[in-house]
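These come from TrEMBL:
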{"type": "ACT_SITE", "residues": "Asp116", "note": "active site"}
{"type": "ACT_SITE", "residues": "Asp300", "note": "active site"}
{"type": "DISULFID", "residues": "Cys336-Cys371", "note": "disulfide bond"}
{"type": "DOMAIN", "residues": "98-409", "note": "domain 'Peptidase A1'"}
{"type": "SIGNAL", "residues": "1-21", "note": "signal peptide"}
Amino acid sequence: MPSFASFLVAALLAGTGLGSALPPKIGTTVKDFSVTQVANHKYKFNGAVSVYKTYLKFGVPIPEDLRSAVFNATDGRLGKRLTGSASATPIDSYDDAYITPVSIGTPAQVLNLDFDTGSSDLWVFSSQLPSSQINGQTVYNPSLSSTATLKSGYTWSISYGDGSSSSGNVYADKVTIGGLTVTSQAVEAAKTVSASFTDDPNIDGLVGLGFDNINTVSPTKQKTWFSNIKSSLTSPLFAVDLKHQAAGTYDFGYIDSTKYTGAITYVSVSSTQGYWTFTSSGYAVGTAAFTSTSISGIADTGTTLLYLPLTIVKAYYAKISGSSNSNTYGGYVFPCSATIPSFTFGVSTARITIPGSFMNYGPVSTGSSTCYGGLQSSASIGINIFGDVALKAAYVVFNGATSPTIGWAAKTL
């Protein structure tokens, strides 16, 4: 399988429902490709901001204590902007702040986009934006592309948890990722963007990899880039190998047997809500016995942390001396010197173990002796999210067949 040079992204959303399914064909052809991550080293992780953006992404009202934590963490700068016009950038930790060069139009205009399986819109900063909303981003200019065609009467709009939104019009144009091209892909050109997108000069837009039913284009929803390309792949899937503090890969069309150990366990996916939704079979904290319980949630690389029911979160932090749910920092924190247990979750009969080191997201501020936890409560969000904390501990296959499944396998960490 040829590898297409170092480029990339980081954000994926997956999910599934409990059940068994045969794995898709393993193989490679020139139609398949792998995209290698490149870290955005300019990004500075902040736990409260990460949680804040997760609330925004899923349209959840922001608790006042979390809003205050974000305001304090950013010296008021981001808090002021977010309260009036915020968004849910999925790039929100030192482990997942990655970008992917994507070629749009003829001749190619290269924009740095983020892959997000928690959404289904391919939207970009465009030349139609007011200059006040552009802060160093590269913009897509459809007038410079000979293959761009305006889809007359088509619009798009994505709303966030604080009432803000990003929106614009729609073009059909050539889009190339990793050497594969969709000749007539819906490209949603922004005419307005929420402030936190403006605030990040490294991200020029998003490539949604969720299911087509949550695409926001009106009057007719548009297919994602993956939906359009998957019939050209050896197998209609992409496999995600995220890493802890290192570059990972997204393999499209094939499964790389060198990237995992043992077997891949597949469970069924519910796409009703547009997410890759699955059911975990339970959990264990550290070396304690496994607790069998159904946990329906989504596997989302567009979300940094792991969000689970409060009872599970409490059971985990009960094993960390000095931990607390902090209003000041907007989530569960603990002394950086504390011993952090691993966390295991079930996928049918398989077990995926997240090392304790993955569960520590570092000091809440530079030089602090208090660290932010990688596991947080889903109670206020209303949905359990297996974000990058969980995905980094496994090789994960998103199988987009007619009856979609998701596969999880252990790997060398």
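Cβ coordinates come from backbone N, Cα and C, glycine included.
Counting neighbouring Cβ atoms within 10 Å of each of the active-site residues (Asp116, Asp300), the lowest count belongs to Asp116. Listed in sequence order, Asn360, Pro363, Ser368, Ser369, Thr370, Cys371 are the same-chain residues at least 6 apart in sequence whose CB falls under 8 Å from the CB of Cys336 (disulfide bond). Cβ neighbour count for Cys371 (disulfide bond) (all protein chains, 10 Å cutoff from its Cβ): 23. Taking only the Cα positions, the spacing between Asp300 (active site) and Asp116 (active site) is 8 angstrom.
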